[in-house]
Amino acid sequence: MAAAGASASGLILSRPVTFVTGNAKKLEEVRYILGQSIPFNSLKLDLPELQGEPEDISKEKARLAAIQVNGPVLVEDTCLCFNALKGLPGPYIKWFLQKIGHEGLNNLLMAYEDKSAYALCAFSFALGPDAEPVTFLGKTPGKIVPPRGPNDFGWDPIFQPDGYEQTYAEMPKEEKNKISHRYKALALVKSHFAKAGYVFQTDSPI
């Protein structure tokens, strides 16, 4: 592990966590949700595009990132799962979105009455290159709708969470960040850090 040692109270000391992302919007949300609870830096890494279940993909990315960073890392994998399609596009939503766009994603469900879906977020944390990653899942149910709202963050315009009349894209940021799949997963991350008693050096985040 990349832990530097232990304090008198037995707390683990380490470098700040490196959150691996090249997505500015995602980074903005993570900073908003975590606040000052977990000091972290951000870094874009070229990690291989993996296939499999969301939790397995997230864990393997954390292992690979921890080796490159040689320290504690947090990685995220996000899915949009259509119930009528048995969970697809799932972890491949990024590529579906790039190829067919919001309209194409709606068209995938044209022949189905069931427009229900869920947003799934898998965060994996590895304390270092020799540590087994721990994974935290957040899930928000909703439905797929024709795109509404700003078109500047992935599939947000076509996902309307249950109990709301707005899509993710239409919601105020502070509202979305209280109910999103990302918020739910990060709440578990924060709880894990608090219970584990990690104490990290507080370098200024970048």
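Our numbering is plain: 1 for the first residue shown, then up by one each step along the chain.
Every residue gets a Cβ built from N, Cα and C, even glycine.
Taken straight from Swiss-Prot:
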type    : residues                                             : note
BINDING : 21-26, LYS61, 77-78, LYS94, 153-156, LYS176, 181-182 : ITP binding site
BINDING : GLU49                                                : Mg(2+) binding site
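Structural mapping of features recorded in Swiss-Prot.
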residue : record              : DSSP class
THR21   : ITP binding site    : coil
GLU49   : Mg(2+) binding site : coil
LYS61   : ITP binding site    : helix
LYS94   : ITP binding site    : helix
TRP155  : ITP binding site    : coil
HIS181  : ITP binding site    : helix
Query raised in the report: To the nearest whole angstrom, what is the C-alpha distance linking HIS181 (ITP binding site) and GLU49 (Mg(2+) binding site)?
Result: 21
Requested in this report: Give me the non-local Cβ neighbours of LYS94 (ITP binding site): same chain, 6+ apart in sequence, Cβ-Cβ under 8 Å, ordered along the sequence.
Outcome: GLY154
Query raised in the report: Which residues of the same chain, at least 6 positions away in sequence, have a Cβ lying under 8 Å from the Cβ of LYS61 (ITP binding site)?
Result: VAL20, LEU47, LEU50, VAL75, ASP77, SER124
Requested in this report: Sorry to bug you, but what's the C-alpha spacing from ALA24 (ITP binding site) to the residue listed as 'Mg(2+) binding site', rounded to the closest Å?
Outcome: 19
Query raised in the report: Counting all other Cβ atoms within 10 Å across every protein chain shown, which of the binding-site residues GLU49, TRP155 scores highest?
Result: TRP155
